[in-house]
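Single-structure report; data block below.
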Amino acid sequence: MYKLNKKVIVAMSGGVDSSVTAWILKKKGYHVEGLFMKNWEEHNSDSDMHCSSKKDLSDAQGVCNQLNIFLHKVNFSFEYWENVFQKFLFEYKMGRTPNPDVLCNKEIKFKIFFEYSIQDLQAHYIATGHYVQKRIFKNKYFLLRGLDATKDQSYFLYTINQKVLKQCLFPIGHLTKCEVRKIARRINLIVAKKKDSTGICFISPQNIKKFLNHYLPHKSGNIITTLGQKIGQHYGLIHYTIGQRRGLGIGGIKGFNNIPWYVVSKDITNNSLIVSQGMNNFYLMSIGLIANELHWINDINIQNSFFCTAKIRYRHIDIPCKIVMHKKKQIKVLFERPESSVAPGQSVVFYLSDLCLGGGIIKKRLPVLK
């Protein structure tokens, strides 16, 4: 083993990815310490709704004991509440569909955690178990997709900047999930068989409806077709997103065929949910979108148009597109072909092959013209 004499703080979540990350770095000779972030205060009144951090902390501590590394424990709940959760609620209240994982990476993991590790703990680097890769060329740092296409997380990291990227390590980005689990089993990590976490980072996925009801005022309203026909009742617009099919409760309506219904828009003023039949119906299709809150990882001149690919949500195949300036701090993204279910509030992330260029927030979609 060779000694790099560099201190790195690993974001330990109690999962297999961060645990293997810590082991790889220690094996390479770094001075490794772990840090467990508590980003959410669990309250007795609603503790059944939340993903408890106690088990994750116990697992993180157990792994650090196995690897003989120190584990810092830090509470970032206030910062999370102010910089992530409040915006999350506001976006839902406005009828949009936010992505809290993008916000969490931007405001917590690659800002608060980064600053605490580099400044307070005097680390040279931070490391996470994200499935992404980093490259350097001519003193510029580039973010690439993870090797495992099914686990690539570059979509969630598009807001990272050069200063932070320079001091980030992503040791499992060149591995597949199967390879990571194989390593965990081989070295007998206590979390080798632990399931991957899913859902919003502060709430279990099965309780999202109850959770939103707890924090946001809402009321039921009409479900209306694009022709203005009332066909049902919704239970609060906050519970629906563009392109949603399941959970509408409007199947088998007399006078309509059996083609599934989809949410095509929300009428906030009249508290109405607008629906139409068929996944590729005219009202759900878009020729492009307008994006704001833009961030480019590397310098990009958007005074001139350029071609790339875009992801309009995490589990989505890249769309060939053209990017042009729209207004100040806004761009127009024109798809090569019409796309379904473009949801305002979601992130749109741009790529050149495996290189993540950056992204922005979908402000509005551009409907297919008649």
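Using N, Cα and C of the backbone, Cβ positions are placed for all residues, glycine too.
Residues or ranges marked as active site, nucleophile in Swiss-Prot (evidence: sequence analysis): CYS104. Around CYS104 (active site, nucleophile), a 10 Å sphere centred on its CB holds 23 further CB atoms from the protein chains shown.
Among the features that Swiss-Prot reports, active site, cysteine persulfide intermediate is placed at CYS201.
The Cβ of GLY15 (ATP binding site) has ASP56, ASP59, GLY129, VAL191, LYS194, ASP196, SER197 as same-chain neighbours under 8 Å, each 6 or more residues away in sequence. Summarising the annotation, Swiss-Prot assigns ATP binding site to ALA11, MET12, SER13, GLY14, GLY15, VAL16, ASP17, SER18, MET37, GLY129 and lists sequence analysis as the type of evidence.
In the three-state DSSP assignment, the secondary structure recorded for CYS104 (active site, nucleophile) is helix. According to Swiss-Prot, the disulfide bond annotation covers CYS104-CYS201.
Summarising the environment of HIS130 (site 'Interaction with tRNA'), the number of other Cβ atoms within 10 Å of its Cβ, over all protein chains shown, is 26. HIS130 (site 'Interaction with tRNA') falls outside any helix or strand according to DSSP and counts as coil. Taken from Swiss-Prot, the feature site 'Interaction with tRNA' applies to HIS130 (among others).
According to Swiss-Prot, the feature site 'Interaction with tRNA' maps to GLN346 (among others). GLN346 (site 'Interaction with tRNA') falls outside any helix or strand according to DSSP and counts as coil. Counting Cβ atoms from all protein chains shown, GLN346 (site 'Interaction with tRNA') has 24 others lying within 10 Å of its own Cβ.
Between the C-alpha atoms of ASP17 (ATP binding site) and GLN346 (site 'Interaction with tRNA'), the distance comes to 26 Å. In this structure the C-alpha atoms belonging to CYS104 (active site, nucleophile) and MET37 (ATP binding site) are separated by 12 Å. Neighbour counts of Cβ atoms within 10 Å were compared for the binding-site residues ALA11, MET37, and the top value is held by MET37. The full span of the recorded ATP binding residues, ALA11, MET12, SER13, GLY14, GLY15, VAL16, ASP17, SER18, MET37, GLY129, taken as their largest Cα to Cα distance, is 16 Å.
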